[in-house]
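Visitor: Below is a structure I'd like to ask you about.
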Amino acid sequence: MTVKTKVQPTARLIEVFSAIQGEGLNVGTRQLFIRFAFCDLRCDFCDSAHTWNAPATCRIERWPGLRDFEIHSNPVPLPILIQWVERQNLPCLHDSISLTGGEPLLHAAFLQEFLPQVRSLTNLPIYLESGGHRPEQLAVILPYLDSVGMDLKLPSVSGETLWQEHTKFLQLCFNSDLELFVKIIISENTDPAELQRCAAIVAQVSPHIPVFLQPVTPLPASQQLTKTPVLAPTPEKVLMWQALMKQLLAQVRVIPQTHKMLNQL
């Protein structure tokens with residue numbers, strides 16, 4: 001008689017670490033970050049192009065905040081990731097667990113099994129940071145999420161056109177009654193008509209969903225992905241675009257990547 005053993009789910013990771021959240025609604029809070037490999041988008045401004053593909057190894061912080069990384073092979077079995085999270089989860093330290101990337105929803109099948117276990121183990125809220133373009137995969141893990149920060153990609157800034165996907169994604173999140181906000185990267189090349197379209201999409205779901213305009217952080221010359229650098233907009237344009245979106249939306253805030261200022265990961 002052959003005994004069948006269950007194959008453990010695995011995920012390809014970039015890193016696991018503890019840090020201060022630098023973007024969006026949760027800025028300034030302490031989070032336990034799980035950064036997943038792979039992304040199916042190629043945004044012109046991307047500051048994490050190293051996550052587009054999966055490396056042979058990932059790095060895991062031994063003690064939260066000390067940056068004492070150890071190297072492990074990919075892919076990572078689910079029980080091992082649970083152990084790493086448990087080691088990081090010191091009492092009263094983290095406000096939530098952040099699923100980031102890359103695009104975490106490319107690992108939806110893994111997350112469907114991982115998230116119920118990690119919620120039970122840590123009692124921490126689960127925050128998903130996503131490109132906001134995979135509603136089908138989102139639906140699989142929505143019951144296990146507490147908060148979602150989704151991008152609305154402007155074609156004039158990112159080079160991606162995903163209006164239909166963004167609309168479905170946003171509606172799914174809103175219908176689930178979880179904490180939700182929208183992040184929009186803006187640059188000197190931003191088309192105001194696209195911002196108007198974003199405002200209309202959000203307002204149609206709910207004008208009270210918080211929207212964050214995030215001026216792009218220019219990449220070093222060695223990391224630039226386009227021939228022409230993607231630069232931040234002028235202060236005058238930022239003020240004008242915020243006013244434009246506030247015609248339809250109750251909460252439009254402007255916050256840069258604060259973790260870059262604090263030398264966080």
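Placement of Cβ uses the backbone N, Cα and C atoms for every residue, glycine included.
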Visitor: Using only what TrEMBL says about substrate binding by I20, Q21, G22, T100, identify which of R35, R42, R119 is listed for that site too.
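Guide: Only hit among R35, R42, R119 in TrEMBL's substrate site, alongside I20, Q21, G22, T100: R35.
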Visitor: For R35 (substrate binding site), what is the tally of other C-beta atoms lying within 10 angstroms of its C-beta?
Guide: 22
Visitor: Of these binding-site residues, S48, T100, which scores lowest on Cβ atoms within 10 Å?
Guide: S48
Visitor: I want to check the contact list for G102 (S-adenosyl-L-methionine binding site): same chain, sequence separation of six or more, C-beta distance under 8 angstroms. What comes out?
Guide: I14, R35, F36, A37, F38, C39, S48, T51, W52
Visitor: Which number gives the other C-beta atoms within 10 angstroms of the C-beta of I20 (substrate binding site), all protein chains shown included?
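Guide: Around the Cβ of I20 (substrate binding site), 17 other Cβ atoms lie within 10 Å.
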